[in-house]
């Protein structure tokens with residue numbers, strides 16, 4: 001469970017288990033477009049209205065700024081790891097080389113769960129927005145209700161299934177062509193965002209930002225609570241790190257693609273939120289179809305259909321990128337033999353993980369066919385935040401222990417204190433009467449981080465790219481991910497506990513034995529190759 005691999009082994013020995021290599025065809029602009037397309041889904045349309053009305057008021061754009069800072073800090077951690085270990089495994093590979101096989105597997109399984117469930121949910125919401133584009137108010141009119149099935153599973157959505165299967169076919173064919181398709185859709189989606197922003201500012205009034213009760217009607221608490229909700233509109237940038245084996249010049253392309261896409265999306269989200277609050281006073285914003293209703297209030301009913309069409313296009317782009325990332329995660333987990341090895345195979349002609357793409361596409365389509373959106377959405381966020389939290393911890397441990405050769409105890413103590421204080425701060429935040437805990441635990445986090453930075457040296461910085469001002473960005477990322485996790489409902493933690501138990505049982509009963517046998521076979525093959533004197537025969541056997 002604690003066995004680790006070196007980056008060199010991940011890049012060479014483990015990658016060879018896929019047979020063929022993935023084709024390096026993507027450039028920096030492909031990566032930026034994929035990152036933007038992955039994040040610019042329907043989140044901004046779903047969350048902005050309710051957050052503005054019930055939490056942040058007109059200051060919802062500040063909530064988006066705070067959430068964007070948190071996403072940027074997590075993306076910095078991902079970027080450094082992706083430059084050091086440019087493989088398709090993303091967080092799975094980063095945690096496997098740092099904390100061992102089980103932590104990497106646990107994170108990878110949670111990411112796969114989040115991808116499959118969120119993709120199914122997004123595919124079902126595609127039907128709703130497509131109905132809106134055609135002026136149909138009831139999305140269930142495009143679904144088939146089957147009497148006798150359980151409530152929440154009895155409305156079959158064949159439009160969602162068709163969308164998932166079409167995108168699965170595109171992803172099996174070629175990553176580059178899929179990237180071009182995403183680039184076109186993302187360009188149209190940004191134009192659509194621009195239309196909403198420009199029309200909102202032209203037809204709105206700045207006075208709406210301070211009417212009727214000021215910019216922050218619920219104070220700083222409302223702004224931060226709103227940030228916790230809108231943060232999930234940023235999820236998707238981690239998909240970019242899974243394309244590390246398919247890009248040209250990873251040390252340059254990966255930082256530009258990951259960080260650039262987060263900056264672009266943050267700016268668009270803030271402007272979208274401002275445009276909505278400029279058009280309509282916050283207490284008159286509709287909780288559902290906020291932008292469509294806002295345009296109707298200014299007399300532009302036809303714009304509601306455009307919002308539905310633009311949101312549908314955004315769903316297709318974000319679903320394409322998410323399905324691209326989920327297949328590469330499963331492919332690399334298959335290379336480690338934690339799941340059946342046939343899922344790790346890369347098709348020699350297309351250069352894509354064909355088996356993993358088809359398998360996860362069918363899983364996503366099956367869930368999207370039956371399962372209602374509300375049933376799957378609860379468990380999605382906690383798994384993602386946990387993985388972001390683990391990656392930030394892993395970056396600090398790798399830089400200060402594995403790379404700098406420092407004793408592990410000071411770093412582990414620092415990570416434990418940061419997490420404990422973040423939990424205590426979050427509890428004080430929830431218990432509204434305990435205001436004294438906020439400055440106390442927040443101050444402890446700052447003092448502990450400064451003391452750690454001063455006393456524990458960070459040596460051996462990577463030459464290509466590294467997170468600046470360490471350990472502050474990673475420490476703040478740890479704090480924010482813990483804080484955001486505590487805003488989730490108890491039901492999310494209960495369902496997550498059941499899922500965690502199931503994947504742990506799978507690891508104990510299958511994964512650990514399969515990886516052990518794979519390592520034994522690898523050692524035997526290496527010994528056999530070394531015993532053969534003819535170099536050409538050695539090479540042939542090594543390739544086999």
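Note: Cβ is positioned from N, Cα and C throughout, glycine not excepted.
What TrEMBL lists as domain 'Cationic amino acid transporter C-terminal' is 465-514. Across the domain 'Cationic amino acid transporter C-terminal' (465-514), DSSP helix (H, G, I), strand (E, B) and coil residues number 39 helix, 0 strand, 11 coil.
If you look up TrEMBL, you'll see 28-49 (among others) marked as transmembrane segment.
Residues or ranges marked as transmembrane segment in TrEMBL: 61-81 (among others).
Summarising the annotation, TrEMBL assigns transmembrane segment to 93-113 (among others).
Per TrEMBL, the feature transmembrane segment maps to 156-173 (among others). Sequence-distant contacts of the transmembrane segment (156-173), counting only residues of its own chain at least 6 positions beyond either end whose CB sits under 8 Å from a CB of the stretch, comprise 119-120, 123-124, 126-127, 130, 142-146, 181, 316, 319-320, 323-324, 327, 347, 350, 352, 354, 357-358, 361-362, 364-365, 368-370.
Here TrEMBL flags 180-201 (among others) as transmembrane segment.
TrEMBL lists 302-324 (among others) with the feature transmembrane segment.
Annotation comment: TrEMBL describes 352-370 (among others) as transmembrane segment.
For 375-397 (among others), the entry in TrEMBL reads transmembrane segment.
The feature transmembrane segment is assigned by TrEMBL to 409-429 (among others).
Per TrEMBL, the feature transmembrane segment maps to 436-454 (among others).
Through the fold, the transmembrane segment (466-484) approaches residues 70, 73-74, 76-77, 79-80, 228, 231, 385-386, 388-389, 392-393, 395-396, 399-400, 414-415, 418-419, 421-423, 425-426, 429, 445, 449, 452-453, 458 of its own chain, all at least 6 residues removed from its boundaries and within a Cβ separation under 8 Å. Per TrEMBL, transmembrane segment is recorded for 466-484 (among others).
The transmembrane segment annotation in TrEMBL covers 496-516 (among others). The list of residues near the transmembrane segment (496-516) in space but at least 6 beyond its ends in sequence, with Cβ under 8 angstroms from a Cβ of it, reads 1, 101-102, 105-106, 109-110, 113, 336-339, 379, 382-383, 386.
Averaged across the domain 'Cationic amino acid transporter C-terminal' (465-514), the predicted model reaches a pLDDT of 86. Residues 51, 55, 90-91, 94, 216, 223-224, 226-231, 233-234, 237-238, 241, 254-255, 258-259, 262-263, 265-266, 269-271, 273-274, 277, 388, 391-392, 394-395, 398, 462, 465-467, 473-474, 476-477, 480-481, 484 of the same chain lie 6 or more positions beyond the ends of the transmembrane segment (61-81) yet place their CB under 8 Å from a CB of it. Of the two recorded stretches, the transmembrane segment (180-201) does not lie close to the transmembrane segment (436-454), with fewer than three CB pairs under 8 Å once pairs fewer than 6 apart in sequence are set aside.
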